[in-house]
Amino acid sequence: MAFDCIDKIISRSFRQYGRFLARHPLPFLLLSILVAGGLGSGLYFLDTESSVEDLYTPDDGRGKTERAYVQQHFPTNDSTSFQATRLINLGRAANVIITSKASDDNVLSSTTLAAIDSLNTAIKGIQAEVSGKNYSHADLCSKWGTQCQVGGEDFLDFALRKNDSTAISYPRTVLPGGSAVFSAGTLGKPTLKTGTDVVEKAKSFRLDYYLRMDSPSDDKLSEKWELAFLSYMAAFKSNFITVCYGTFGALESELAALTTSVIPLFSITFAVLITFSILSCMMLDMVRTKPWLGMLGVLSSGMAIVASIGLCLFCGVKFNSVVASMPFLALGIGVDDLFVMLAAWRKTHPGGSVEERMGETYAEAAVSITITTVTDGLAFGIGAITPIPAVRIFCIFTLTAVIFDYLFQITFFGACMVYIGHREKGNRHATTCMRVPTPEEAKDRSGCFRAMCTGNAMAGVDGNGEYHGSDHAIMVFFRKYFGPVITKWWVKAIVLLIYGAYLGCAIWGCTQVRQGIRLSRLAPDDSFVVDFFDKQDQYYFGEYGPRVAVIITEPLAFWEESTRDQVEKLLAKFEDTDFTFGRTESESWLRDYLAFVNQYSGVIPGLSAATKSSFLSNLSDPFLKNAAFERYALDIEFNGDKSAILSTRFFVQTKNIINSDREQDMMLKMREIADSMSIKTMVYHPNFIFYDQYIIILPNTLQNLGIATATMFVVALVLVPHPVCSVWVTLSIASICTGVVGYMTFWDVNLDAISMINIIMCIGFSVDFSAHITYAFVSCTEKNRNARAVFALYSLGMPILQGALSTILGVSALSTSVSYIFRTFFKTMFLVILLGALHGLVILPVVLTLLGPPCCQKRDKGKKSDRVGPQVNPGHPVDMPSHPYNPKPPQEHINRQPQGYAMPSRYTPQYMEANNPLNDAKMTTYLQHLNGRNHAPSHGPYNDSPSYKPYNDSPSYRPYNRDSSPGQISMPKACKEVSVIFRK
C-alpha cells in the first residue's frame, strides 16, 4: 500500500527548487534581505496596546452589552452627580491603602489617624502641570453637587473628631448629622467587640480619590494628575504609616513596560541559541564544519521575527506585552528548521555537485519543515479566531512569524548553504576560506596544524566512491541501551503504571483548574501595583464584595400593589443567595420611597403613592429632592414628561467574593436569576466585563482544542504516509494536552489567556513528537514489535531530543522574568515539550509494542531473494547507486536517489548526523526498495541529463547485485539486526 503520494509530489517539487536555488543563490539572498528590511521598517509604526479591557476581555462579552445599556439609560455626570457605587466603568482614581507601623497595627489610633489626615491633605495638594497651568485634585475631582468625592474622607473626619462616647460601627457608621457611611469600604480587617457591631481596631484604612473622565480633555488632565500622584507616592515616607498605592491607569502603564523589560531576556536567548547552533554545526574537520551556518540560521529566524512584526504593524495590528514572548518561540522553531536542513545536507554524497546536493537536501528537509509549518500554522490560525484579543493578536503575530521563518529558511538560509557548499566543495577552510590540505597530506605537520588547518571535503568516501558513515553516540545509546531496556516486559509494566498515574493525576488536575487571570498578575512582581492589589485582596475583597445593579429594563406600573409585590419577590431572589447579603445591605429606591410616604404622609400634604399621578409626582418631589434620597434620581429613567418609568435599577451587596471561582459563580448566579424572571431584568457591575473571561476561557479552549485536533487528524491522514499514524497522533495529542492542562494547575498556572496560547501551541508540537515515532514503527518490516520500537527510537530519538532541547533553550530565559505572563509562557511551554518528548520517547514506543499496527509496506510475492531488493551497506549509504565516483551501473540499478524517510516535521531523520548508516541504509532506502522502485527508469540527480558522464571509470566499481556481499544488508535485514540486538 502506498500512502505517500502527496509526500512524493512535495519532495519532487522541492528537489527541482533546490537545484534551481543552487544555480541562482544571489537573487534569493538579496531578495530575502530586502523583504526583511522593507517589512522591518514597519517597526517605525510600533503602537503598543496596553488596555486591560481591550486585551483580556472577550469581544462579545455579555458585560459589554450590559454596560452599553447602562450607559444609554443611566448616564453619569462626574462633574455634578458622581456616585462611587454607581460607576459604569472602573474609571480614573487614585487609591491608597494605609497600615500602621505601630506594634498593635491599629489604624484607628490617634497617632495613625493624624498621619492619615496629613497624607490626605498632601495628596489633595498634588498638582499636575499641563501646558503651563497647574491642576490640583480639587480642579479635577469627581463631584456630587459642588463637593469633591473622596472615598473614606467623611469617615476619616468622623474618626478624628469623635469622642469616647461615640462608637464606630461596622459595616455602617452613623455620622452626627444622621447620615450613614459604609465603613466596610474604608476599614480593612476590623476587630469587633464581642456580640456587637462596634469596631475596636482595624488593620488598614482606604482612601479613594475619584477623578473626572466624562470628556476627552478631562480624561487627559486626570491622567496627568494620576502620574503626578504616582510620582509623589513613590517618594513618600512616614514614621507612622505604610502606604501602598495604585491607579487603574498605572496597571496599564506597567503592562506596557513589560514589552521593554523582556528585551534583555531576548538578547540572552539570542546569544544562547547562536552559541548552541554554532556548536551543533561544528565538526573537527575544518572544511566540513559549518559554524557560520549555525549563526546564519539564527539570523534567518531573526529576520523572520522582524519581518512578521513589521508586516503586522503595517496592517494595523497593535503590539502588546503578550506578543513580546513570540520571538522566543519563533527562534526555537527556526533553529529546529536549521538542524533539519543541515542534517539533510550532510546525508548527501560529498562527491556530488552543489546543485545535486541541494536538490537532495530540499527533497528531504523541505518536505519536513513544510508539513511542520502547515501544522503549526493551522494551530495558530485556529487560535486567531478566539474572541479574546490578547490570544488572537498573539496568534496572528506568531502565525506570520512561522510563515516568514519557513520562507526565509528555504530562500535566505538555502542560499547561504549554497555558498558554504561551494566553499566545502573547494576544500576551503571554514574561517579563512583558503584551500587547505587534507589530514593525509599534512601528516608530517604539527598536531596543532593538522587539527586547525586541515580538512577533507571527501571524508568518508572510499576508493570505490562509496560514502561511509558512523553512528552518533546518542543514536548508539538508543539502539544498544535505551531501546532494548524499554522493551523488556517488566520495564513496560512500570512505564504503563507510571503512565496510568500520570494520566490520573492529569485528569484530576483538569478538574481543579482555575480559570481567568487576576488583574494583579498582569503587572511585574516587583511593581507597586501588585502590592496594592495584594493588599486590596487581603483586606477588602473578602466579606463585602461588589455592589451589583439589578436593572428592570421594561416599563412597570409601580403604583400598583401587584407590581410592587412582583418587584419585591424579584429583589428577594437576588438577596437570598449564597453570594449576597439580605435586604439590609441592598439599595432600593422603591422601598425607601414607600417608607418615606408611610412616615410623612400625615405631615406633607398630598403625599401618597396610591395612584399613578400621586406616585409619580411625589416621587419626583419631594422624595428625590430630599438630600438623603436624591442619589436615587440616578436609578430611575423617566420618559420625557415623567409620566412613566421606562427602566430602573436597584443594588444588592455581594459577600465573600474571595477568588476567581467565587467571582465567576456569583456573576453566573446573578445572570441566571435575571434570565429566569418574568420581568425583563439584567444585572451589571463594571467588574463583570473582566469576569466574562472566566466563563468564556474554558469553552473557547475546548473549542480550539477540538478544532485543532480534528484538523491535525485530517492533515496527518493526508500527509503522513500511513492512516494508522493519524489515530495515534490524535490519541497522543489528547494525552499531552490533558497533561499540560492538568499539571499546569499544580504549577500555579490558571487557565487564562496566556496559558490558552500555549495549549493551542501544544497541538502542533504534539504532532511533531508522536507522528514520526509512530510512522517509523509501522514502516519497519520486522514482525517483532519490540525490534520495530527499538528501530523507531534509534532513528528518531536523537532528533526529538535535539528539537526539544533547542525549543526549551529558546524559552528558558523567560523563567527568570518578573512577569506572570512570561513565566506562565515558560511553564506551559516547558510542560508541552517535556510531556511531548516523554510521549515520543517512552510512552508511545511501549504502547506500540503492545498495540502497534502492522507495518505499512507489503512484501513482494515470489522468491525470497527477489524480495530483498538492492543491497545496502549499513556503513556505506549507497542510496545513490549512480554516484559520480563510480561508472554508470547496469540499467536495472539506475534509479533516482531515494527520497528517504521524509518525516512531516522538524523531528526527522534529517536531524541525525550525516554519518549515520541506518539513516540511509535502513530507513531512507528501504521504503523505496520495498515499493518496487529498484527497477525504475533511468533517471536521477546524477544521470538525468543527456550529457551525463561519470566522474571516473574506476575499475574498482562493483555493480549492485541481489546477493548480499560482506558488510551489506537489505532493509528486512536492517530491522532484523535491531531485533538481534534486542534479543541479546
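Glycine too: its Cβ is placed from the backbone N, Cα and C atoms.
Keep in mind that TrEMBL annotations are predicted by a computer and have not been checked by a curator.
Now, the feature entries from TrEMBL:
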DOMAIN    262-419  domain 'SSD'
REGION    859-904  region 'Disordered'
REGION    931-970  region 'Disordered'
TRANSMEM  26-46  transmembrane segment
TRANSMEM  263-284  transmembrane segment
TRANSMEM  296-319  transmembrane segment
TRANSMEM  325-345  transmembrane segment
TRANSMEM  365-385  transmembrane segment
TRANSMEM  391-420  transmembrane segment
TRANSMEM  489-509  transmembrane segment
TRANSMEM  702-720  transmembrane segment
TRANSMEM  727-747  transmembrane segment
TRANSMEM  753-778  transmembrane segment
TRANSMEM  790-822  transmembrane segment
TRANSMEM  828-851  transmembrane segment
For the transmembrane segment (365-385), find every same-chain residue at least 6 residues outside the stretch whose CB is under 8 Å from a CB in it, and list them.
7, 10-11, 14, 17-18, 333, 336-337, 340-341, 343-345, 391-392, 394-396, 398-399, 402-403, 405-406, 409-410, 704, 707-708, 711-712, 715, 719, 756-757, 760-761, 763-764, 767-768, 902-906, 908, 910
Does the transmembrane segment (753-778) reach the transmembrane segment (296-319), going by 3 or more CB pairs under 8 Å (6 or more apart in sequence)?
no
Between the transmembrane segment (790-822) and the transmembrane segment (828-851), are there at least three Cβ pairs closer than 8 Å, leaving out pairs fewer than 6 positions apart?
yes
Counting Cβ pairs under 8 Å that sit 6 or more residues apart, are there three or more between the transmembrane segment (828-851) and the transmembrane segment (489-509)?
yes
For the transmembrane segment (296-319) and the transmembrane segment (489-509), does the number of C-beta pairs under 8 Å, pairs 6 or more apart in sequence, reach 3 or more?
no
